[in-house]
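Engineer: In case it's useful when we look at the structure, here is the feature table from TrEMBL:
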REGION    1-27  region 'Disordered'
COMPBIAS  10-19  compositional bias 'Basic and acidic residues'
DOMAIN    94-386  domain 'Carbohydrate kinase PfkB'
BINDING   N101, A102, D103, G129, K130, G131, A132, N133, E231, D346  substrate binding site
BINDING   N276, K312, L313, G314, D315, K316, G317, G345, D346  ATP binding site
BINDING   D340, T342, C374, V377, G379, S383  K(+) binding site
ACT_SITE  D346  active site, proton acceptor
Amino acid sequence: MTHQSQQEKPTTKEEEKAKQNLTLKKKGGISTLSAPKHWHNHPTLASQNNSRILNQTNDKISSVQFNPAFRSSRKENPFSCFALDASRESMPPLVVVGSANADIYVEIDRLPKEGETISAKTGQTLAGGKGANQAVCGGKLAYPTYFLGQVGDDAHGKLITEALEGGGVFLDYLSRLDDVPSGHAVVMLQAGGQNSIIIVGGANMACWPETLPEEDLEVVKYAGIVLLQREIPDSVNIQVAKVARNAHVPVILDAGGVDAPIPIELLSFVDILSPNETELARLTNMPTETFEQISQAVKKCYKMGVKQVLVKLGDKGSVLFTEGAEPIKQPIISASKVIDTTGAGDTFTASFAVALVEGKSRKECLRFAAASLCIQVKGAIPSMPDRKSVLDLLHSL
């Protein structure tokens, strides 16, 4: 990625190539846009380098702007009225690359035993998936958010698409596959809001190109921050993370998803790793029942190449570990009632990312994320708050 100094530099070859391609058509995509018609809606690239977001000494992030060379959506974010700063439209987008599922909820008193059949109290299908959850969180928080992923050309794909659009997410990089069903998950919701989840990857895991198209990677290069998870192939995450690193765009990897080791190559491109305590234990093969055990497991992550680890601890809050610095703890902000914890971790990670790219300190990011409650309504996406709700809660504390 080429950054401009205070004196404007000539247009790069990459930007010239993009401008010459007057019609950018995404194969199998949800939308086909004529790029030049939308370029005027984007601000120009500022001189700041995104790398400072994660490598600053004063723990602050300055606002940066993004390059107009990638496609823009034709619709406005419906939640922009809650923006804290009128300049938000000039800020680089949050880009989420990941999964989108139809979550099939069944409400039960307990999990069935081996060989046992039990009846569910209720059943309902809602949009979800770690990637879609994080993207909608960004949209509802009034931050410009793009989602790059895949759904099937089926009823579940339509459900997912409508939920993303309803959350204010730009879908210019969402592909629809003809011969592969959308990903889906069975969420067994127990009394008290705890859940057990079984995922069928579907379009999330199938038919990704061996090399992502350049037009898809453009939005990554000009992002303010990129969110990844592990419900899509590691090869896709590695491509995206490598492009982001070369463009000095920070990457947060949510460790949730497939039950398999994270490739060292992927970790080498990640700026912040975000596991819960169970995922941290699985990743490091170390116990994580106490804070001291968690701290030791995080040190092993440092040796793997990740220098910042954001650990989600459920009802015990969260901790941000940075190599060479004191951990920052954030207690939970209690909800009046717990209905469903599905997506709570996704909401926390995405809210943290939004606050980070907006220029909040690490401590402020943790507090903002903790206030973004996602446990008081059934379903991850329906329970996500808008920015006004988060700010009202913070002001009430």
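Each residue, glycine too, has its Cβ placed from N, Cα and C.
Give me the structural setting of these features: burial, nearby parts and distances.
Structural biologist: Take the CB of D103 (substrate binding site) and look out to 10 A: across all protein chains shown you find 30 other CB atoms.
Its Cβ placed at the centre, D346 (ATP binding site) has 31 other Cβ atoms within 10 Å.
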Engineer: Among the binding-site residues listed here (N276, L313, D315, G317, D346), which has the Cα closest to the Cα of A132 (substrate binding site)?
Structural biologist: D346
Engineer: Could you check which of the binding-site residues (N276, L313, D315, G317, D346) sits closest to D103 (substrate binding site), going Cα to Cα?
Structural biologist: D346
Engineer: Between the binding-site residues N101, K130, E231, which lies closest to L313 (ATP binding site), Cα to Cα?
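Structural biologist: Nearest candidate: K130.
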Engineer: For K130 (substrate binding site), identify the closest of the binding-site residues N276, D315, G317, D346, judging by Cα separation.
Structural biologist: D346
Engineer: How many whole Å apart are the CA atoms of E231 (substrate binding site) and D346 (ATP binding site)?
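Structural biologist: On Cα coordinates alone, these residues lie 12 Å apart.
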Engineer: Which residue, of the binding-site residues N101, N276, has its CB surrounded by the fewest other CB atoms within 10 A?
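Structural biologist: If we count Cβ atoms within 10 Å for the binding-site residues N101, N276, the smallest count is at N276.
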